[in-house]
Ligand code: CAA
């Protein structure tokens, strides 16, 4: 049975997140965008009201919310500002591999800290020479006694400057391609150097940094999952987090759609509000369809996870469609505003810049198509058992 009815708890979560976005995020979002400021106050407040670490398991002190719950929250927060939401949500990306492969002892320590305090964790996969092609990474982890020693550089790391923990992927068998990669949980120390904070086109209230590991020693207990099985752990992580990115893209599109709709009713040209012109009506209709379908695809990809099913293709459908739609809807919102849309004083200019990254991070729209094509053409994948 297909049932899109939200539970009372989910409706309340959605309202909490919307209210937070309206009262705490929107009033400062455009200012933080202008200055590239860091939303520490908002992070503290979001932590306090339970809008961070929503997937932290209950047995380690977290709220243990489901994937659909998380998507409902992320859409509403991104309706407020997707840059700030990226800062708030990055713990979820860094935490997913720990929940999948960390020992009870490590999960207790890690989730215990994140739940107790507004601490941050970063997911370190991408390198200057290894973006879409994950297995070409060069960061090395060498086993020395009961420790691993990490050396290498990661780039485009969300919250890299402020994180206390890093979930780091490195080669443990450099000649084995994707079968020689492992995942480690690294606590920040003096050997972890933050080299560069990026000056970005959009989502300027999120922090994006280069993180370098210089002979960083990691106790063997912080190896997450099995040695040399890190690639699959990364892929399983992205299956779990791409629905959240799709939800954020839906939030951007919803905001752009609302601004454009309101403006079209106020702006008068040729003697009538521009909403009376069919040219504008059709744009508004296409925007509404894209927002609606983005939300449905997002919910579907999240519900499968909540049901314990593999969602690789649905996750890529949602991420690809919602991201591309957010870019299109935000661009059309600027078009509806006409020349005013191009001016920073009006809200849709920021949304258009913010939307662009949705097509890039956590796998570009082209990588999502690659995943969809492979899942469609290779029954090996489609028939694979549900990931843990
Ligand atoms: N679940 C489980 N296993 C999977 C899987 C999945 N979803 N996808 C692939 N695998 C398995 C395959 O079955 C295969 O297994 P075997 O070793 O048993 O054969 C293995 O993994 C290798 O798979 P591929 O041959 O498909 O690997 P590939 O090298 O061709 O890469 C890819 C596939 C989809 C292109 C992948 O590299 C990818 O997703 N790239 C994009 C990376 C990405 O999204 N980066 C974002 C970084 S995070 C970020 O952006 C956030 C931030 O903070 C800014």
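Including glycine, each Cβ sits where the backbone N, Cα and C put it.
Note that the structure is a prediction, hence the values are computed from the model and not measured.
As recorded in TrEMBL:
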DOMAIN    7-116  domain 'Acyl-CoA dehydrogenase/oxidase N-terminal'
DOMAIN    122-215  domain 'Acyl-CoA oxidase/dehydrogenase middle'
DOMAIN    228-375  domain 'Acyl-CoA dehydrogenase/oxidase C-terminal'
Please work out the helix, strand and coil residue numbers for the domain 'Acyl-CoA dehydrogenase/oxidase N-terminal' (7-116) from the DSSP assignment. 88 helix, 0 strand, 22 coil
On the 0 to 100 scale, where does the mean pLDDT of the domain 'Acyl-CoA dehydrogenase/oxidase C-terminal' (228-375) fall? 98
